[in-house]
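Lifted from Swiss-Prot, the feature list:
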SIGNAL    1-25  signal peptide
DISULFID  27-165  disulfide bond
DISULFID  58-153  disulfide bond
DISULFID  71-116  disulfide bond
CARBOHYD  94  N-linked glycosylation site
CARBOHYD  115  N-linked glycosylation site
CARBOHYD  140  N-linked glycosylation site
């Protein structure tokens, strides 16, 4: 006997497709005119870009964070909110006082421009993690340096995505 699902016989779409919510943002943006972004955040993002040594290998590896969260239509605000929370984790790297200052400026400045629902705020971002300890101290130092380079690559890519997403929001605001 053939075992065929009832809904496929009559062309009824699977229930999951019917129940999917319409794509919408969980956050509202304040300051869409771009004044705070261009005068404060953009300056710090550009300074951070100059401080990070660019490695051409960075572009080949797309981090999981960016695979899960993107600056799609109607989700720009929630992407920027999550990205700003992710930036806070990089302050722990203690690269320099100036670097931490710019990271804090971009992170806090972005977070203050958004009013997000508890659905987004309730999530705790994953930690950057630590390299596992090994028996050989030199190997451990090498792993930590590779991890640091990987984190800086991720930070560089994340900053570029943040800048692109902000520009997308500002272009959309000027059209109205």
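The chain as shown is numbered from 1 upward.
In case you wondered, yes, glycine gets a Cβ from its N, Cα and C as well.
Taken residue by residue with DSSP, residue 116 (disulfide bond) is part of a strand.
In three-state terms derived from DSSP, residue 165 (disulfide bond) belongs to a helical segment.
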